[in-house]
Amino acid sequence: MGWLRGIALLSLGVLLAGRVNCQHVKNNVPRLKLSYKEMLESNNIVNFNGLANSSSYHTFLLDEERSRLYVGAKDHIFSFNLVNIKEYQKIVWPVSHSRRDECKWAGKDILRECANFIKVLKTYNQTHLYACGTGAFHPMCTYIEVGSHPEDNIFRMEDSHFENGRGKSPYDPKLLTASLLVDGELYSGTAADFMGRDFAIFRTLGHHHPIRTEQHDSRWLNDPRFISAHLIPESDNPEDDKIYFFFRENAIDGEHTGKATHARIGQICKNDFGGHRSLVNKWTTFLKARLICSVPGPNGIDTHFDELQDVFLMNSKDPKNPIVYGVFTTSSNIFKGSAVCMYSMTDVRRVFLGPYAHRDGPNYQWVPYQGRVPYPRPGTCPSKTFGGFDSTKDLPDEVITFARSHPAMYNPVFPINSRPIMIKTDVDYQFTQIVVDRVDAEDGQYDVMFIGTDIGTVLKVVSIPKETWHELEEVLLEEMTVFREPTVISAMKISTKQQQLYIGSATGVSQLPLHRCDVYGKACAECCLARDPYCAWDGSSCSRYFPTAKRRTRRQDIRNGDPLTHCSDLQHHDNPSGQTLEEKIIYGVENSSTFLECSPKSQRAIVYWQFQKQNDDHKVEIKVDDRMIRTEQGLLLRSLQRRDSGIYFCHAVEHGFIQTLLKVTLEVIDTDHLEELLHKEEDADASKTKDATNSMTPSQKIWYRDFMQLINHPNLNTMDEFCEQVWKRDRKQRRQRPANAQVNTNKWKHLQENKKGRNRRTHEFERAPRSV
């Protein structure tokens with residue numbers, strides 16, 4: 001009788017589950033979505049959960065040669081092993097008690113501001129790093145010894161050598177900073193005062209006098225937030241090298257109606273030493289241009305993503321022309337969205353060689369400068385390549401004067417293909433970080449993007465060309481939760497040597513591999529449908545793709561993801577997926593409900609169901625109605641009827657490929673037949689269970705009558721009324737029990753409460769079911 005009781009309870013549980021609305025699968029959802037628990041269980045993540053007295057693991061420095069990841073945090077600098085970040089060394093660098101007290105007396109937060117937050121961490125030479133921190137609103141810098149060779153295993157601070165950090169690190173830990181250390185000189189975009197109002201791009205260290213941008217001139221910098229700094233060669237002559245700063249700032253007056261934020265790219269020459277009579281110890285080659293990342297709209301009205309969040313440079317064969325990837329978000333509080341735009345340095349240089357922005361006319365508006373531009377052109381580095389000047393101090397006065405009053409370019413820099421390569425507007429998160437890896441696949445090279453979000457997830461996205469390489473399709477491969485609690489991802493580094501990704505947040509550091517081919521499945525079709533450039537079918541499993549591997553059994557199709565073409569010769573023609581079909585037999589009771597569970601691994605797959613009657617080869621597609629409800633987890637059948645008996649097939653359609661996931665045989669038992677079976681089994685077991693029956697309570701003896709009434713009343717309102725009658729009857733019976741019986745019942749109830757944590761399945765068939 002146990003199997004019948006199990007059927008009945010299953011039917012009753014589904015009936016009480018209520019209605020579930022079917023949601024259509026969206027095309028822009030991740031193919032695989034892995035929770036933090038799933039990442040841990042599959043051993044695909046390593047976590048450093050931080051120290052009790054530290055936080056803010058935001059400043060990363062990757063050293064592939066030493067196989068170390070250096071991380072600057074609150075009062076600490078860490079040296080993590082790239083293979084396993086659980087192996088690390090640390091340096092404690094707090095502020096003195098007097099500094100902390102001064103910070104507190106200035107009205108700052110003792111925990112969130114009055115500490116030493118590491119903001120600069122750069123390679124100084126072969127043996128030392130250079131580090132700067134906020135120092136409780138007194139910036140300071142020092143040197144970290146790391147040894148000459150990886151095997152030296154040295155990691156210590158030079159306690160006797162501290163420097164003033166003004167112009168290198170911000171005072172306020174909440175402010176962003178961008179820095180670059182080249183040839184012993186530190187280039188920093190930061191705030192240089194206690195109040196956080198004097199923003200500038202500095203060059204410090206080295207043998208030359210410190211140099212900076214013009215002070216208190218909004219045409220140069222207007223309340224900027226610096227993102228990153230990069231050295232990009234201009235030509236084969238090192239004298240032409242330029243430093244590029246990426247930042248966002250408030251739009252200049254007259255540049256935009258109302259208050260707005262603009263993303264910028266700024267340039268300075270590496271050999272700029274300031275002017276002779278004007279712009280002394282100030283940049284003479286500083287220029288800036290706006291970065292556009294927008295979606296073209298109707299009537300010429302574009303949707304702009306102006307809040308630049310992060311930048312990644314993808315190096316190419318030509319070091320002068322890396323591809324610039326930028327992550328942007330919207331400024332609007334109403335419309336929340338993120339985008340990734342891609343820029344070429346050719347377009348950037350074209351803008352810097354274009355017209356300068358100039359204010360003119362009755363409305364004093366910004367227009368392209370139409371007058372004579374002095375020679376050599378402002379913004380050009382002094383070298384033998386573009387002129388005969390040896391130093392910026394030799395430049396004519398008219399060049400310096402023009403550069404001082406015209407730091408901005410009129411034309412903006414548009415992205416490649418004039419639109420973003422990825423947009424997200426229908427989600428509850430925004431992009432914060434990006435790193436990119438260029439991967440060799442069977443049919444070409446692909447850029448795989450790893451995008452961090454403000455809720456602690458990482459998106460793995462590949463850009464795939466459509467008809468041409470200029471039209472790109474973004475395929476969201478995975479969404480991975482990499483921290484236990486939602487948190488903003490504030491730093492990311494990629495190690496192509498270790499094939500690992502490192503992620504930083506306020507709470508800790510996480511490490512995960514760039515590829516997890518086994519998560520896609522154990523069949524050729526599943527591996528092919530994944531369209532992951534890292535992975536290919538090797539004849540027996542979905543594994544890491546290597547260009548040097550044998551091609552005879554290797555299957556990979558990133559551009560089209562067509563398993564029919566690439567997997568049909570490896571398997572039987574009727575089953576090119578190579579996947580074993582799961583088969584089930586389910587029993588249901590007439591007039592009740594049952595649920596056929598079928599959920600594909602891929603979230604991009606669209607599920608549809610087919611029905612086949614017994615002894616009939618004809619299959620018909622199931623149409624959704626009031627009785628047949630399709631959900632993301634399967635098919636809900638309400639008010640079962642005899643004609644519902646048959647075979648149900650669950651199919652998944654993805655990228656034009658149909659895959660059968662499940663075959664379910666449903667047997668519907670009518671209520672009269674079920675009652676007859678129950679009574680027959682009761683009579684057959686009567687002699688064997690006489691003693692047990694005598695010991696049963698009245699509520700247990702009438703269980704079948706209760707159950708049959710429930711089956712015959714599938715309406716939830718009627719069931720509520722019936723349950724109320726059962727509860728009233730039980731209360732009446734308890735009141736009529738003798739006092740000693742009541743005491744024993746209370747003891748038994750107490751024991752039951754003590755055992756609530758035990759697995760209910762263990763005793764499911766050892767007790768009679770409760771009254772509803």
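Our numbering is plain: 1 for the first residue shown, then up by one each step along the chain.
Keep in mind that glycine also has a Cβ here, set from the backbone N, Cα and C atoms.
Noted in Swiss-Prot for the protein shown:
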SIGNAL    1-22  signal peptide
DOMAIN    31-514  domain 'Sema'
DISULFID  Cys103-Cys114  disulfide bond
DISULFID  Cys132-Cys141  disulfide bond
DISULFID  Cys269-Cys381  disulfide bond
DISULFID  Cys293-Cys341  disulfide bond
DISULFID  Cys517-Cys535  disulfide bond
DOMAIN    576-665  domain 'Ig-like C2-type'
DISULFID  Cys650-Cys723  disulfide bond
COMPBIAS  750-772  compositional bias 'Basic and acidic residues'
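Here the features listed in Swiss-Prot are placed on the structure.
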residue: Cys103; record: disulfide bond; CB count, 10 Å: 22
residue: Cys114; record: disulfide bond; CB count, 10 Å: 22
residue: Cys132; record: disulfide bond; CB count, 10 Å: 31
residue: Cys269; record: disulfide bond; CB count, 10 Å: 23
residue: Cys293; record: disulfide bond; CB count, 10 Å: 27
residue: Cys341; record: disulfide bond; CB count, 10 Å: 27
residue: Cys381; record: disulfide bond; CB count, 10 Å: 24
residue: Cys517; record: disulfide bond; CB count, 10 Å: 20
residue: Cys535; record: disulfide bond; CB count, 10 Å: 26
residue: Cys650; record: disulfide bond; CB count, 10 Å: 22
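Between the alpha carbons (Cα) of Cys141 (disulfide bond) and Cys114 (disulfide bond) lies a span of roughly 16 Å. Cα separation, Cys293 (disulfide bond) to Cys269 (disulfide bond), rounded: 26 Å. In the three-state DSSP assignment, the secondary structure recorded for Cys114 (disulfide bond) is coil. Among the disulfide-bonded residues listed (Cys103, Cys114, Cys341, Cys381), Cys341 has its Cα nearest to the Cα of Cys517 (disulfide bond). Mapped onto DSSP classes, the domain 'Ig-like C2-type' (576-665) shows 3 helix, 47 strand, 40 coil.
Separating the Cα atoms of Cys103 (disulfide bond) and Cys132 (disulfide bond) is a whole-number distance of 18 Å.
You'll find the Cα of Cys650 (disulfide bond) roughly 67 Å from the Cα of Cys381 (disulfide bond). Of all the Cβ atoms in the protein chains shown, 22 others lie within 10 Å of the Cβ of Cys141 (disulfide bond).
Cα spacing between Cys132 (disulfide bond) and Cys341 (disulfide bond): 31 Å, rounded to the nearest whole number. When the C-alpha distances from Cys114 (disulfide bond) to the disulfide-bonded residues Cys269, Cys381, Cys535 are tabulated, the minimum falls on Cys269.
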